[in-house]
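One structure is given here, and the rest of the page talks about it.
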Amino acid sequence: MSAVIDSHAATGHDHHHGPAKGLSRWLLTTNHKDIGSMYLWFSFAMFLLGGSMAMVIRAELFQPGLQIVQPEFFNQMTTMHGLIMVFGAVMPAFVGLANWMIPLMIGAPDMALPRMNNFSFWLLPAAFGLLVSTLFMEGGGPNFGWTFYAPLSTTYAPESVTFFILAVHLMGISSIMGAINVVATILNLRAPGMTLMKMPLFVWTWLITGFLLIAVMPVLAGVVTMMLMDIHFGTSFFSAAGGGDPVLFQHVFWFFGHPEVYIMILPAFGAVSAIIPAFSRKPLFGYTSMVYATAAIAFLSFIVWAHHMFTVGIPLTGELFFMYATMLIAVPTGVKVFNWVSTMWQGSMTFEAPMLFSVAFVILFTIGGFSGLMLAIAPADFQYHDTYFVVAHFHYVLVPGAIFGIFASAYYWLPKWTGHMYDETLAKLHFWMSFVGMNLAFFPMHFVGLAGMPRRIPDYNMMFANFNMVSSIGAFMFGVTQLLFLFIVIKCILGGRPASAKPWDGAEGLEWSVPSPAPYHTFSTPPDMTDEHEHRAGPSHG
Amino acid sequence: MTNHEQYYVPAQSKWPIIATLGLLITFYGLGSWLNDLKAGRDESSGPLIFFVGALFVAYMLFGWFGNVVKESRTGLYSPQMDRSFRWGMTWFIFSEVMFFTAFFGALFYIRYWAGPWLGGEGDKGIANMLWPGFEYTWPMLDTPDPKQFPAPSGVISAWGLPLINTILLVTSSFTLTFAHHALRKDKRGPLKLWLALTVLLGAAFLVLQIEEYIHAYTELGLTLGSGIYGATFFMLTGFHGAHVTIGALILTVMLVRVLRGHFTGEQHFGFEAAAWYWHFVDVVWLMLFVFVYVL
């Protein structure tokens, strides 16, 4: 395999190859754009798979009583829906965006470690193949919820839990290597003169996300390893009979799990911080405070994990500490929302699809943030815990938060990826259908949750029937609409109005300095950024 | 900034996909093996699949790292590429630190909160109602349910083998540093000697660790299944031992490369990365010695 030594690239000559032909292009690639595209397509496939599981859940919950699936299968659906959406849809989508955009944004020829980059991607289909195959194993797939609390996931788990654990290990290896690559790229491959405070916010938020990933994915690996040991090697980490503690599982899991939720939202913050200025035709308000707010959120994410465990029985001191620490997160998050709104203030705004998704992001994510504040109040959480209110909360931060952030990014950068403009009318339709569907699906969950409807149960009290029917109709609407998104993207790849290098007149950043579609190799010689302003937002603060 | 203009972007490579297949096969085999063992099924295809996968992984490791070594020696790597490797290794070690943090965290949580609560002390002492009369001590020589988790009759004293092991590992960190200094000054003779000595010290550590495990299992009844003390003890020392094994293998590869005349006084990041890893493993041991054996 010494043939992989590319003498052209090695000697710095500029005659580049295009992509290889056929399947080997994708299997063997080291190109950040190819790998980014594979991540994005994989993510979308998982989004549809996890989404169809959500459709099963909502179909069963359309009416009270058991109609369509057995409770055992319902449990597998809720579990797999969560796992697939978190690890298969949202995280890979952001890694795909990072792969595509970070080298373009910082003027780098590729990612820092291109072969490892391909390894990180291909581990994902392997991991999810293994995970999804558990559904067809004897005893069924994981049925203990995506948080897989012990002893449900140890003593009482189906046999397939072993493969679930190993699949999580594969995902973890993928995420850690992917994050190391992103961080090394940002720290080492910036164009000359691009100081840290000149970086676009998407790059900043990904630098911090990468740090979070490297810090907590190993902790997830640790907790599933302890499960594996308890199941197969007779240890008693999560069994009080041997001196262990099931609550230990929850501590270790949520030490991973809370930073994880910021892993799923920080890159969306970064993307929206590029899109809102572009369509407001104003520089981003408060660039520096955005950077510090992101760092503050990341720091706080490490000291709030037990707010997921208020009802499990932790000492009063713990309840108070975690309650106040959690509330503190509202401060840097508030700074961000304030900055986005101030960026729009008096801007000459237009509402193309990326902007529609971004504005909806700001409003709806804030709603999710507020319900998060309600949940942070320990005594009140005793009422909300394990109800649909929690489901409403995290779907409000994940769907119009993470997913809308991804849609906004996709529409914003599709012209750069494909060289064509997408169909704006259809994209607006996609937005409004998603917006209405998602609010119909998740807003009523606040009400049924406050009234006490428990989550993860296939049946419910008659009094919740109407709201659940509304939820299901909204969910079906949101689900079907995503096929429209697939159609829009394919249509955009196949043709459409040719996109200029910079199709958005208010957009800024190095990615718009290369042609659309971006050539297979870009920035083999880095651009010089020395004369750029410290940050473009600098002069027009306020 | 001339070094920016020669960043090496490798052409297509087969190693990532081989690595993926290797890991997938290994993991699938391991999972089948464990499940068949637990269910008491006599015939299992698990071990075979596992070892086939492991062969794949081994082939990939030789091929991929061999490839990188070849590229490095061909002079394809610029100083900027070198920095990418340094950042990569730094963050990898940080991820390893966090992996051990999870297990140390579990140990501290049990010792300072969950254990005492189970014994009836502290804020959540109500947990004692599960096994009334259970008294918490550390080392836990009495488990709440001895039928399910028979307690050990004793634990490993810090001042026997563990102390010797501490001396061995700390010494090996010094000998490795001497080797590094020798490499920097291009003194190949002392380099070989110190590096070989480091590998030997690592191997000696592992032999003693195995001896300690045998002692624990056969004479003390201290096993993975002997309650939370055994669980945390073997988890922490076992993962550390696995890391020493990997570190010793990496250093052996470095020794082979040194014997073949690789590395110069200026360019030897492979060696440095191995050294970083070894020092990291050493620091983890010091933590283990204090928190698992002494305290």
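Our numbering is plain: 1 for the first residue shown, then up by one each step along the chain.
Using the three backbone atoms N, Cα and C, a Cβ is placed for every residue, glycine included.
The predicted model assigns the domain 'Heme-copper oxidase subunit III family profile' (B:3-295) a mean pLDDT of 96. Taken from TrEMBL, the feature domain 'Heme-copper oxidase subunit III family profile' applies to B:3-295.
According to TrEMBL, the feature transmembrane segment maps to B:15-34 (among others).
A Cβ distance under 8 Å defines the sequence-distant neighbours of the transmembrane segment (B:46-69), meaning residues of its chain 6+ beyond its ends; these are 13, 15, 18-19, 21-37, 253, 257, 262, 270. Residues or ranges marked as transmembrane segment in TrEMBL: B:46-69 (among others).
Annotation comment: TrEMBL describes B:90-110 (among others) as transmembrane segment. Beyond its flanks by at least six residues, the transmembrane segment (B:90-110) meets 228, 232, 235-236, 239-240, 243, 276-277, 280, 284, 287, 291-292 of its own chain at Cβ-Cβ distances under 8 Å.
Summarising the annotation, TrEMBL assigns transmembrane segment to B:156-179 (among others).
Feature annotation from TrEMBL assigns transmembrane segment to B:191-208 (among others).
Taken from TrEMBL, the feature transmembrane segment covers B:228-256 (among others). Within its own chain, the transmembrane segment (B:228-256) has Cβ neighbours under 8 Å at 65, 96, 99-100, 103-104, 106-107, 110, 115, 138-141, 143, 151-152, 155-156, 169, 176, 192, 195-196, 198-199, 202-203, 205-206, 209, 213, 216, 222, 270-271, 274, 277-278, 281, 284-285, 288, 292, counting only residues six or more beyond its boundaries.
Per TrEMBL, the feature transmembrane segment maps to B:276-294 (among others).
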